[in-house]
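The next block holds one structure in the form of structure tokens; read it before the comments.
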Amino acid sequence: MKHKFSLLFFLLLSLILNGCVSKTHEESVKMAIQPQSESFFIYDTIVTVRVYDDRMTDKHFKELEARMKEIESHLSRTLQGSEVYRINEQAGKQAVPVSRETYEVIKKSIQFAELSEGRFDPAIGPLVSLWNIGQDNAKVPSEEKLTEALQVIDYHQIVLDDAKRTVFLKQPNMAIDLGGIGKGYAADQIAVYLTEKGFNSAIIDLGGNILALGKKPNGNDWIIGIQDPDRNRGNQLGKLKVTNKTVVTSGIYERYFEENGKHYHHILNPDTGYPVENNLFSVSIITNESADADALSTTGFALGLEKGMPFMESLPNVEAIFITKDKNVFITSGLKGNWELTNEQYKMAN
């Protein structure tokens, strides 16, 4: 669903983003080179790109926006006529030929489904549609509807044909949803574009997916703040030093609704049909590619602390921050020396 913002609201939202108040955000710093910055609304979120190079022009930003629209036309579940929309429309009927981009993103999403033993499942579309969390008409589905949806949520039923580059959903009413990897992929593609154009110092903020390209103009690491999940946006609990890394957070506090006094967040369990229930507030992933971090943050949250921490430790070039509802902070071993807890209400637990 596309949202229409008044110009004033959009400008205010852009200012908020530039003020670093996303769930993961760049800490305000004074730099000799001021960023060339642009925000636009696409893929159902605000994209803010700040490039620390005077050579960045409006032409570059327009090309980036066009690239984002192209990705949306491939990967959006809700945009009528998109490639994923057409795949879902033909579920149980016939295979659909797709672009190389769509094919590779779906293939990667299946790889993460296998890695996570189904905790991350790109076939979760029917559940996402039922709950509709983040939209005005979000509500708890009936048990009957949930049971029907669960019967067709199975990434094993997604058939890929490498030779023909087609995607086929075996069962009627199946639906792919790439929301758990698509924004990260889009952030990666912005970084690819900037690098190809010779820009190597930038912050890309795509709906809370932060990608820190290169170093700051002065050669120092970027400082990325991690949101306090128990307070309003802009309140951080700690900060990270990163270079050429992405930081992506999944948590219960961003997209949710309340019904009959109960809190329902957007991270859905493909086994039960309900939002994941555990003691976690949020999971932040730090790695090289934002698409990977996107999928892994969802996976880590779904696994929970006891299984999620050793799982993340086992992966190369992946670090994680787990924050529990009782305000304990757990970090993977590779973050020691690059992480600082700044909020006294929280405590380090490992």
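Yeah, the Cβs are placed from backbone N, Cα and C, and that goes for glycine too.
Values in this document were obtained by computation on a predicted structure and should not be read as measured data.
Site annotation (TrEMBL, ligand Mg(2+)) includes D294, T298; from G134, G179, G180, G198, the additional listed residue is G180. Other Cβ atoms within 10 Å of the Cβ of T298 (Mg(2+) binding site) number 27 in total over all chains. Neighbour density around each Cβ, counted as other Cβ atoms within 10 Å, peaks among the binding-site residues G180, D294 at D294.
Other residues of the same chain near the Mg(2+) site, with their Cβ within 8 Å of the Cβ centroid of G180, D294, T298, are F120, G179, I181, G184, V248, S250, A295, L296, S297, T299.
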